[in-house]
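A.B. asks: Structure provided below as structure tokens; questions to follow.
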Amino acid sequence: MTKYVFVTGGVVSSLGKGIAAASLAAILESRGLKVTLLKLDPYINVDPGTMSPLQHGEVFVTEDGAETDLDLGHYERFVSAKMRKSNNFTTGQIYESVISKERRGEYLGKTVQVIPHITSEIQAFVERGAKAIHDGKADVAICEIGGTVGDIESLPFLEAARQMSLRLPAHDCAFVHLTLVPYINSAGELKTKPTQHSVQKLREIGIMPTVLLCRADRPIPEDGRAKISLFSNVREEAVISVWDVDTIYKIPEMLHAQGMDDLICRELDLKAQPADLSVWAKLVYEMANPQHEVTIGMVGKYVELTESYKSLIEALRHAGIHTHTRVNINYIDSEDIEKEGVDCLQNLDAILVPGGFGKRGTEGKIAAIRYARENNVPYLGICLGMQLAVIEFARHVANLTKANSTEFDPQSDQPVVALITEWLDREGRVEKRSNDSDLGSTMRLGSQRCPVKAGTLAHRIYGAEVNERHRHRYEVNNTYVPQLERSGLIISARTPNEELPEMMELPSSMHPWFFGVQFHPEFTSTPRDGHPLFSAFISAALEHQKKLLKSKLHKGKT
């Protein structure tokens, strides 16, 4: 029978509940347990798909096509299991389900209320999500509740967790509370009062934390932990210090060294083998001891909040681990390029344009792509980054000078990128959309397999088939592909049914490494395995760096 660990947060948000939950899951998995994770989001949106990245951060896409919270990306990077749609749900989904049941008459005329109807629905969603992977036989389900204790939005979720802990047998439920212990410079000490108040608020709801994770910028001394224990009524050995580190991949070892996994196993009466965190130790060692260093220019429009590109940033770091390279990322606002030109792109080892939506900043991205193409700088375009690479090539090489996307110009004379109105989803069902369709869940979403053209760079990277996750509405327009191909562009993969371009590249005679993909490869990269595309990209950056250095040395001699 599955046992549950609820992870809550207090004092402030963004303390790292997702990292804490994923790290605990990684330790338990290393002990031979089957672990799954759930994210319970208190916002009323049905999913984060229509939310601005500047508000919410990245939207992580699961294999089965769900638009979910970015924490699910952390989950997949820390454990071996792949998350599903039911591993993330929101207040919006809960109310949508309850209201649908009420309309169908399932409540038999009763007054529908937060307690018991909403809280019971939350519990049903939790139990369903816990069965989503491992053939429904997970040993432990770690459930992260979004927001902080005291938020009105989180109360139904906390109440549902409290009810669930009462309903389940003894030793089947534990609570982990992550809280802030701030350091006050003027006083020269860590302050425990916010943690005390946060735990007090949790106890008022009826929840007693099993473990306290105390977040600070430095390790909390023993006397500080003892004080927190005394005033919070949590055993001292269960007060765990979590401090700032240079990489999140150090967190599993940090928690294990303080015995957190033993505490949880005892509380849940789990019989597990000793933890083996050697894979994490190796990753941390590789990150700390690189043999090379490159600088990648990431040209986007959400760069002021790097959480917007969380999986992409991590994928580049994973590639660095697997190529023994320190990867520095220079975040460049594409609107700055529109105002000030491309001088900021000089001295970069490679350029990457990530996915995005809307017209703002696109001409700056196109200018960056042109710079990369004309100066032989390795280029990787992802989703919109591929579409813009096609537009740039069409305008400046294929003599389609008015080339554009109907996303930016619905009346474009040369729509080399356009809205596709009908396609088959990953299950083979026909999906349709138009300009008047709702924005939510009207994209090509989830994994899709495609054959890869032999003899291409794509084939060298992926082999005969690619299976990656998608999130986009617009596609390269097949009407213009013959003209683009006559000008040298290579379409190296197409969807098997609609034959829509999935990957594009330039031949080595035109550019040493110029590559675009319609999908999002960052969603399948993990620190343990890396990802072949990002490893190839970093290798291309290293090769470009060597050529530049050789050229400079040659010029110096002459």
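Just so you know, glycine gets a Cβ as well, placed from its N, Cα and C.
As annotated in Swiss-Prot:
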ACT_SITE  CYS383  active site, nucleophile
ACT_SITE  HIS520  active site
ACT_SITE  GLU522  active site
BINDING   SER13, LYS191, THR192, LYS193, PRO194, THR195, GLN196, LYS227  UTP binding site
BINDING   SER13, ASP151, ILE152, GLU153, LYS191, THR192, LYS193, PRO194, THR195, GLN196, LYS227  CTP binding site
BINDING   SER14, LEU15, GLY16, LYS17, GLY18, ILE19, ASP71  ATP binding site
BINDING   ASP71, GLU144  Mg(2+) binding site
BINDING   GLY356, LEU384, GLY385, MET386, GLN387, GLU407, ARG473  L-glutamine binding site
DOMAIN    295-547  domain 'Glutamine amidotransferase type-1'
REGION    1-270  region 'Amidoligase domain'
A.B. asks: Measuring Cα to Cα, how far is GLU407 (L-glutamine binding site) from PRO194 (UTP binding site) in Å?
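C.D. replies: That separation, Cα to Cα, works out to 48 Å.
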A.B. asks: Identify which of the binding-site residues SER14, THR195, GLN196 has its Cβ surrounded by the largest number of other Cβ atoms within 10 Å, counting every protein chain shown.
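C.D. replies: Its Cβ has the most other Cβ atoms within 10 Å: THR195.
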A.B. asks: Let me make sure I understand the structure: which of the binding-site residues listed (GLY16, GLY18, GLY385) has the fewest other Cβ atoms within 10 A of its Cβ?
C.D. replies: GLY16
A.B. asks: In this structure, which of the binding-site residues SER13, THR192, GLN387 has the fewest other Cβ atoms within 10 Å of its Cβ?
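C.D. replies: Sparsest of the binding-site residues SER13, THR192, GLN387 by Cβ contacts within 10 Å: SER13.
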A.B. asks: If you count Cβ atoms within 10 Å of each one, which of the recorded positions CYS383, MET386 comes out on top?
C.D. replies: MET386
A.B. asks: Go through ASP71, GLU144, GLU407, GLU522, the listed recorded positions, and name the one with the sparsest Cβ surroundings, counting other Cβ atoms within 10 Å.
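C.D. replies: Comparing Cβ neighbours within 10 Å for the recorded positions ASP71, GLU144, GLU407, GLU522, GLU407 has the fewest.
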A.B. asks: Between the Cα atoms of THR192 (UTP binding site) and LEU15 (ATP binding site), what distance do you get, rounded to the nearest Å?
C.D. replies: 16
A.B. asks: Using Cα coordinates, what distance in whole Å links LYS193 (UTP binding site) and LEU15 (ATP binding site)?
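C.D. replies: That comes out at 17 Å between the alpha carbons.
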A.B. asks: Of all the Cα pairs drawn from SER13, LYS191, THR192, LYS193, PRO194, THR195, GLN196, LYS227, the residues the record ties to UTP, which distance is largest, in Å?
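C.D. replies: It comes out at 23 Å between the most distant Cα atoms.
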A.B. asks: Counting distance between Cα atoms, which of the binding-site residues PRO194, GLN196, ARG473 is nearest LEU15 (ATP binding site)?
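C.D. replies: Going through PRO194, GLN196, ARG473 one by one, the closest to LEU15 (ATP binding site) is PRO194.
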A.B. asks: Inside 8 A of the center formed by the CB atoms of GLY356, LEU384, GLY385, MET386, GLN387, GLU407, ARG473, which other residues of the chain have their CB, for the recorded L-glutamine site?
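C.D. replies: These residues sit around the L-glutamine site: GLY355, PHE357, CYS383, LEU388, SER405, VAL417, HIS472, TYR474.
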A.B. asks: If the ATP site is taken as the center of the Cβ atoms of SER14, LEU15, GLY16, LYS17, GLY18, ILE19, ASP71, which further residues of that chain fall within 8 Å of it by their Cβ?
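C.D. replies: Near the ATP site, the remaining chain residues are GLY9, ALA20, ALA21, HIS74, GLU144, LEU178.
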A.B. asks: Tell me the Cβ contacts of LYS191 (UTP binding site) under 8 Å, same chain only and six or more apart in sequence, or just say none.
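C.D. replies: Those within reach of LYS191 (UTP binding site), by Cβ under 8 Å and sequence separation of 6 or more, are VAL181, PRO182, TYR183, ILE184.
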